[in-house]
Amino acid sequence: MKEKKNILTKKLLPWIATYISIFGTALFVIEYGFYLPYKTARIFHFFIYLCSIILISQFFLKLIFLEAKEIIKEYKIELILISFFGIFLILLKTHFLHLKFLLLRTEEYVFLCQIFVIAFFLLKLPQISKLFFLPRLSPPLIVAVTFLFIICIGTFLLYLPLSTAPGKNTSFLDALFTATSATCVTGLIVVDTGSHFSIFGQIVILSLIQIGGLGLMTFASFFALLSGGLGLKERVVLREAVRYQNLSKIGYLVLYILLLTFIIESAGALLLYFQFLPQAKNSLSAFYSALFHSISAFCNAGFSIYPDSFIKYQKNTYVNLTMTSLIICGGLGFVVIVNLLDSFFAWFKKRKRTISLHTKLVIVTTLILIATGTFFIYLGEKNNLLKDMTFKNKILASFFQSVTARTAGFNTIPIDKLTKFSSFLLIILMFIGASPGSTGGGIKTSTFATLILAIKSMIQGKHQVEAFKRTIPQIYIYQALCVVTLALGWSSISTLFLSLTENADFLNILFEVFSALGTVGLSRGITSHLTNFGKIIIIITIFVGRVGPLTLALAISGKKVAKLYEYPEESIIIG
């Protein structure tokens, strides 16, 4: 009897409440998103009312079967929520269980039930987060599935008429393209973000950027922590998502990630606010613009509500440095930032500090790429786009484009007017991308550094790859080779098909493919002119670039079988 009671109260009823709250929230979104006719809306209101009754009923069943201590310990927030709902019903002087309630046309009653159901949905997010940690799925596959899930939700929300500005229309494919680009923090757009989408649509895009940038698994793990901690499966999946090796400290890393994100994005928004204020309509508009671009920059998304990105702020040193700082912080990776902060606090407390090999490689490679990129962009554009600028502004524009090219996608100079030299340089930077566990894409800085070190070791006749008095294990060399080979293979196939379907210059097509694969978002102006087939190719390329070609290959490869034998070696001819 006790076992049956536990199944009912601990498993069945919580999941009933979870699914009902999801259903009720979906009804709310559909009703306000599609501007439903009055009669249809009334049917939706009936089901919202029904959802409210079921949610209250399942709680009363818990009251019957559970002791007061258990209720207070495990369901106190649920108790508070239902108590508030009851108080508001009394204040509205209605008979909730009376048939008349279904016929009432007062908006307050409907709105109260909708708020109650949505509040229950938010309360059940820890329970919902467990849906992603399916036991039969491998960690790489779970990461891929979660991105697909966010893209599907984002597509649905952006397809709603509510998301589109008056007089505009969003096709399903354009909604899918935008949702994929936002979730995978890419920034390629087929319609102008600022003028085509309503404020609601822009907020949806911003939410997709934030969730996609940090990863749904980060948020899911945070809610799992709130609901009682992370299990081994959750820790393994999260390790795959954020590229962090220490399973015991993965929960600590999740909290660190969310806290750092909030602090950095808030600081960025504050700095941008004062720069945007003089040109904004009002302070609210300046704040919204600052917040949007701060989140977009830190998540390396490249989305802007300005039609020309940041060209109008080309000479504004403060805006340029704020944006590049946000981009660099987001592109370093949380593992690197946490390691640097831990080392700083250890130094401050006069304890032994340890900066990992990964952190050293990422920092050095990032600095070299930024400096090299700045120099060569200046070299390629000094007699072209930069010729009428002062020396200071030339360096500023070159620096901004060097930083943003590796994964962010903002621009202060028109990309379609770059020389072929600069365009190909940006393709190289986009291919390399940001760092592992960051909000950016590309093959990653550590992969690039590992291959350069491997080539150096081969030339020097060494059998081991060394860096900073450490030896890099052979498995990571293989992984780096796989990542680069798969990325080049996919980009070659995508370029081949786009050359067949698109009436565009080959350089523009190549640039578009590497921008999509590196989740950068820079374009030479062909994105909005792509055919439907071309859009689908770019959508898939963006997804492959965000999840990672190697992760995706591991996700679809199935279960690994350990080999208990080895074949004899035999030499082959290379080169």
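Glycine is treated like the rest: Cβ placed from N, Cα and C.
Automatic, uncurated: that is what TrEMBL annotation is.
Keep in mind the model is a prediction, meaning the values are calculated, not measured.
For reference, TrEMBL has these:
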- 12-34: transmembrane segment (TRANSMEM)
- 46-65: transmembrane segment (TRANSMEM)
- 77-97: transmembrane segment (TRANSMEM)
- 109-125: transmembrane segment (TRANSMEM)
- 137-160: transmembrane segment (TRANSMEM)
- 203-230: transmembrane segment (TRANSMEM)
- 250-274: transmembrane segment (TRANSMEM)
- 286-306: transmembrane segment (TRANSMEM)
- 424-455: transmembrane segment (TRANSMEM)
- 476-500: transmembrane segment (TRANSMEM)
- 506-524: transmembrane segment (TRANSMEM)
- 536-556: transmembrane segment (TRANSMEM)
Candidates 12-34, 250-274, 286-306, 476-500, 506-524; stretch with most C-beta pairs under 8 Å toward the transmembrane segment (536-556): 476-500
The transmembrane segment (250-274) and the transmembrane segment (137-160) contact flag, 3+ Cβ pairs under 8 angstroms: no
Contact call for the transmembrane segment (109-125) against the transmembrane segment (12-34), three or more Cβ pairs under 8 Å: yes
Annotated stretches the transmembrane segment (137-160) and the transmembrane segment (12-34) touching (3 or more Cβ pairs under 8 Å): yes
Selection from 12-34, 46-65, 476-500, 506-524, the stretch that has most Cβ pairs under 8 A to the transmembrane segment (424-455): 506-524
